[in-house]
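Listed in TrEMBL for this protein:
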DOMAIN    107-593  domain 'K+ potassium transporter integral membrane'
DOMAIN    608-852  domain 'K+ potassium transporter C-terminal'
TRANSMEM  105-125  transmembrane segment
TRANSMEM  145-168  transmembrane segment
TRANSMEM  233-255  transmembrane segment
TRANSMEM  275-291  transmembrane segment
TRANSMEM  298-322  transmembrane segment
TRANSMEM  348-367  transmembrane segment
TRANSMEM  379-399  transmembrane segment
TRANSMEM  419-438  transmembrane segment
TRANSMEM  475-495  transmembrane segment
TRANSMEM  501-523  transmembrane segment
TRANSMEM  530-551  transmembrane segment
TRANSMEM  557-574  transmembrane segment
Amino acid sequence: MVNVGLEKDRENNGGLASMDSIESRWVFQDEYDSDINSVDHHTVNGDDGSTPRNVLDLDSEDEDDNAVRKLIRTGPRIDSFDVEALEVPGAQKNDFDDVSAGRKILLAFQTLGVVFGDVGTSPLYTFSVMFSKAPVNGNEDVLGALSLVLYTLILIPLVKYVLIVLWANDDGEGGTFALYSLLCRHAKVNLLPNQLPSDARISGFRLKVPSPELERSLRIKERLEASLTLKKLLLMLVLAGTAMVIADGVVTPAMSVMSAVGGLRVGVSGIKQDQVVMISVAFLVILFSVQKYGTSKVGLFVGPALFIWFCSLGGIGIYNLINYDSRVWRAFNPVHIYYYFKRNPTKAWYSLGGCLLCATGSEAMFADLCYFSVRSVQLTFVFLVLPCLLLGYLGQAAYLMENHADTTQAFFSSVPSGAFWPVFLIANVAALIASRAMTTATFSCIKQSTALGCFPRLKIIHTSRKFMGQIYIPVMNWFLLALSLVMVCSISSIYEIGNAYGIAELGVMMMTTILVTIVMLLIWQINIIVVLSFVVIFLGLELMFFSSVLWSVGDGSWIILVFAVVLFFVMYIWNYGSKLKYETEVKQKMSMDLLRELGPNLGTIRAPGIGLLYNELAKGIPAIFGHFLTTLPAVHSMIIFVCIKYIPVPVVPQNERFLFRRVCPRSYHIFRCVARYGYKDVRKENHQMFEQLLIESLEKFIRRDAQERSLESDGNGESDSEEEHAFSRVLVAPNGSVYSLGVPLLADFRDTGKAVMEESTSEELKAGPSSESLLSNADQSFEKELSFLRKAKESGVVYLLGHGNIRARKSSWFIKKLFINYFYAFLRKNCRREIASLSVPHSHLMQVGMTYMV
């Protein structure tokens, strides 16, 4: 009958492709389950509206291989997993899309205090580090070094970051993990197999599907999704870039503070280097100690200070150009770079590491993009930051043209004597601002990597109610302070610290170049010539700089490389262990058939109340639930499997937070809830607020489910009571007679009326119910379920936490045993427990442990 109806529909409507998916549709229904897995209209039809390629390609959230399925025609299926994410019409608009010109100017001014502090303080040390490796032998050396600095500023911060990389943001978010998140949305490259089709329906996804005309983009997407090696390589690139960002959070404070305080040696002749180190240590301790107070108004408070700093740079540059050699304008001719390398190629190559310091902070422009629009960052850099930087370097070069011996402190030596102390003060303020902003960016990077399963859980304190990205991580704060102090005390030379600074910056830059290249190929789909030009020019340039800094790694800057490698292994081992744990839980999840055989009472006593069983499975019944059933004499009358899941989007709107689905027939009262968060989302709600939001969303889902069932019954004229009785463990004979196989749990709840089975006589069941009685029964069943939910809520909510540990099998390789049994176990033991982030009182908590052999 089903096949005949399908053929008839094809004859009348020209096939499934022309069928109106809103009015009616074909769906598969499990014979014994309440879940209906819809054939999505876009799945059935081709992209061009052609005939269906594969009707069995289902957008299914649950996996039940043993279920018997039948094809039926229904009205529009209302399912929280499929529909709730479509509540918000259209995609979320960026907050900066429709702002006034005055607001754009204000945003551009605020970016000074957050985004440009690092690159703005680079004139303090760039020439000093360069000329420490390639001493000045004449004016041509000054011109050559200046030309290198000018074109490095133009190519890396301006062309690469401001004009290209900033556009590769993830809905306003920047940084290494934002690029990885963007790629994970457009291609299934995430190694953790917890993706759901409903994730793509979040309004923040804003996917641009690769067009069929660009076969290159489709081939790259298929190759990435099919190759496990490429997925692992992509993840390792991201982890390496993230490790370098965190390492940058160690070097930036040390370099900025040391170079700013070093100006005392110019203003006060009796100051020695040891005293500069001690003052720098004191500044660093103060800097990291006040980090916990947050930077919620950092843009407004320190924006004026950075504005004065940039104006001072430009003013000093103009003064030096007027009073010294103004012929330095000739450095804009790149031929001076050629002469610079021709005269002394080895020393010029050594100086490349110092030259790169003029571009430090370029990555911060991208990483700190979350608070400002792309346009405001671009305008500020082009019209204020870049001109002031160019004038500052030109002025220093003009001074050095006549004072070759003052290269040790090139910046402070070029400051006019009358303005020295005001400039020294504002320079130290700018250095502290740059250091603090970089530390905050490091915290944000760690939070993103934690959300995407690549960093152990740490305590995160949100320091601002207005800006959700303003966070403070106490453990990492003191860890960064300790490493900064070690670097300042053990590598007291600013030149060696500068080399370490270059290593950290270049590591991040190269990873960003590779990831943006993949974005160009997969998402932007631009001409291959443009892509090749980008990767050849910028990756080649960065590799050249990297070869220079690596050559000097033996002078002490190897410390930062070791630190980055340790961080990389910590993140990789954590991701590897988490992936193995999740895959093992998926393999050992409970069978749906076993749960059905246990019946509505699950083979035990159902105690009043709601049990929230936390697990990491986004679909399927976790094996830890079997532990609860076999260990405890009773389970709660309502069970909700709660999965806290992070989606590769910055923010998930609150009304798209919870997705629900029935796990078993309605009489079992078992639901699955996926609580979705973005990697920038703040989980500030306490357990009472979380319970309230979850229960409200569940009531909403039950109401929709009842509405949908009444629509199906009314639209098709089919009996909804048959489905009701199937939930109640009944048998429908061929003649239409209904025989009860058991009493459903709903029948035990008599506050709002008697159960459906008790209201119908045997004669009515044999004759079949009327449409009026069907609607009445549906309304009564809906009210009963809501009343049951409210009674269960009044009885209390208990959190059931399952701790799944993993151990390597005895037959495993030695490396795997080392990683899992020792390194991963150590990280898991010392990271923050999940219970701490839930802030649940112990009286409402129940925990069961389980060990998996992997």
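Each Cβ is built from the backbone N, Cα and C atoms, and glycine gets one as well.
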### Same-chain residue ranges lying at least 6 outside the transmembrane segment (275-291) that approach it to Cβ under 8 Å
253-254, 257-258, 261-262, 264-265, 428, 432, 435-436, 439-440, 472, 477-478, 480-481, 484-485, 488-489, 492
### Query
What residues in the same chain, six or more past the boundaries of the transmembrane segment (530-551), come closer than 8 Å to it by Cβ-Cβ distance?
155-156, 160, 164, 349-353, 355-356, 499, 502-503, 506, 509-510, 513-514, 516-517, 520-521, 557
#### Entry: Chain residues in Cβ proximity to the transmembrane segment (348-367) (below 8 Å; excluding those fewer than six residues from its ends, i.e. six or more beyond)
115-123, 125-134, 144-145, 148-149, 152-153, 156-157, 160-162, 165-166, 169, 174-176, 245, 248, 252, 340-341, 377, 381, 389, 393, 434, 437-438, 441, 444-445, 495, 498-499, 501-502, 505-506, 508-509, 512, 544-545, 547-549, 551-552
#### Entry: Outside the transmembrane segment (379-399), six or more residues from its ends: residues with CB under 8 Å to it
104, 108-109, 111-112, 115-116, 119-120, 122-123, 126-127, 142-143, 145-146, 149-150, 153, 157-158, 162, 310-311, 313-314, 316-321, 324-326, 328-329, 331, 358, 365, 406, 410-411, 413-414
### Summary
Among 419-438, 501-523, 557-574, the most Cβ pairs under 8 Å with the transmembrane segment (475-495) come from 557-574
### Query
Are the transmembrane segment (419-438) and the transmembrane segment (298-322) close, by which I mean at least 3 Cβ pairs under 8 Å that are 6+ residues apart in sequence?
yes
### Message
Counting a contact as 3 or more Cβ pairs under 8 Å, with residues at least 6 apart in sequence, do the transmembrane segment (501-523) and the transmembrane segment (298-322) touch?
### Response
no
### Cβ contacts under 8 Å made by the transmembrane segment (557-574) with residues that lie 6+ beyond its boundaries
236, 239-240, 242-244, 246-247, 250-251, 449, 453-456, 483, 486-487, 490-491, 496-497, 499-500, 503-504, 507, 549, 819, 823-824, 827
